[in-house]
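Record features (TrEMBL):
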COMPBIAS  1-13  compositional bias 'Polar residues'
COMPBIAS  22-31  compositional bias 'Polar residues'
COMPBIAS  32-44  compositional bias 'Basic and acidic residues'
COMPBIAS  238-256  compositional bias 'Acidic residues'
REGION    1-44  region 'Disordered'
REGION    229-259  region 'Disordered'
REPEAT    152-194  repeat 'WD'
REPEAT    270-311  repeat 'WD'
REPEAT    312-353  repeat 'WD'
REPEAT    356-396  repeat 'WD'
Amino acid sequence: MPVESGSSAASRQAKQKRKSHSLSIRRTNSTEQERTGLQREMLEGQDSKLPLSLRSNLLDLFGQIEREFENLYIENIELRREIETLNDRLTAEGQTIDGGDLTKGALKTKASHSTSQLSQKLKTTYKASTSKIVSSFKATTSRAVCQLVKEYAGHRDGIWDLSVTRTQPVVLGTASADHSAMLWSIETGKCLLKYVGHAGSGLSALSTASGDQTAHIWRYMVQLPTPQPVADISQPPCDDDIDFSDKDEADGDGEGPNECPSIRMASTTLRSHQGVVIAADWLVGGKQVVTASWDRAANLYDVETSELVHSLTGHDQELTHCCTHPTQRLVVTSSRDTTFRLWDFRDPSIHSVNVFQGHTDTVTSAVFTVGDNVVSGSDDRTVKVWDLKNMRSPIATIRTDSAVNRISVSVSQRIIALPHDNRQVRLFDMSGVRLARLPHSNRQGHRRMVCCSAWCEDNSSCNLFSCGFDRQAIGWNINIPALLQEK
């Protein structure tokens, strides 16, 4: 009488399970049809403003989603059972070694061990895949502690840009659509100086770029006020989804919470662009400034003589941002043509340019990090981390649910701050792992689109700033656990 081998028996058992599984699915589908018919009858008796056809279509779609998840769930259960059965059988076979044939037993044990490893690998992969499905329905656990510390209010219109000085005294600068730029005391939140020399919207802070097709450099001397104890304005946890974007602020004509001195004349005016100057930044050394314009060019100027040193052309559409490397003579420009370009001025005789392609919509900003990385943000709702030595593909990609505006990267903590059109500010590490979302409720946070973010490495109370079209800038304290920093 022929004896059925263990492998064939296991195969037959698996087929029987699949057959019973298919039968159970058919019964489930039949039950679903009966339940769907019952729900349709219930819908006809309910009051709703939606048309019956639309409600019926929605019901069908949700029913399909439920069936897909049910089938996936049943399939995963059967797969787990098969893996456990295989592991038990392999373990039993590995223990029955023929003592008379050591070589055969060794080979059998080795084969059993390797097969068990493969089974364990499949099991681990299965658990990881199902964990991803489950974790996608759970809220991301914040590993960074974020607290609102100070609000800087005084502009009469939305704030396009803000930045923090790299030298002492450390102050915050903001540029607004109200044609002005302001300097603020970080500790007290008071306005120290106001510049009103532009005829157009201020689009870049400190060295100011404007819609009047010029960039202005203005010198200032400020006396920082004595810091006062910081009041704890943090609020208890509340609903982050409360929408108050339509709540307009009072359109008062006052200068804000305090009066501050103003200046109207720039020490240097840079003229060469034929369109709106959208951004400006200082090249390392402080003797040259680079500007980006809607005329599709970036210009490099000598500050002392106001002369144009280089005109950086090549973009096919308007520029959106420019940024300089903190320690090297490198410039990166971003554009509406879905690319950003790296300009190298380290060798005076050779000015090379590299083009980075990878976004599908406007690149809103691209900034340097410490080392050989560039981080770019786009209206295609992604942020990409690039290695300057390999331009063909990004080393990390962050996908979000809203367009990304002017991003910033913390030098010390290597954290990327993402300001969004949907009033959110999110924090990610350089590998693309989400760390936190800044508090956003009816009591604190931005009420309109967040345009820009900037880190401050030299301040213990406020180390991140954000601004938006709600006419205010906000100072945050971001605290990252030590274990996360060591990662």
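Each Cβ is built from the backbone N, Cα and C atoms, and glycine gets one as well.
Whatever TrEMBL says is automated annotation, not expert-curated.
Remember, it's a predicted structure, so these values are computed and weren't measured experimentally.
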**Message:** Given a Cβ distance threshold of under 8 angstroms, which distant residues of the chain, six or more beyond its ends, lie next to the repeat 'WD' (356-396)?
**Reply:** 320-321, 323-326, 330, 332-336, 338-342, 402-409, 411, 414, 416, 418, 428, 430-432
**Message:** Just to be sure I understand, if DSSP states are collapsed into helix, strand and coil, how many residues of the repeat 'WD' (270-311) fall in each?
**Reply:** 0 helix, 24 strand, 18 coil
**Prompt:** For the repeat 'WD' (152-194), what are the DSSP-based totals of helix, strand and coil residues?
**Reply:** 0 helix, 21 strand, 22 coil
**Request:** Take the repeat 'WD' (312-353) and count its residues per DSSP category (helix H/G/I, strand E/B, coil), listing them in that order.
**Result:** 0 helix, 27 strand, 15 coil
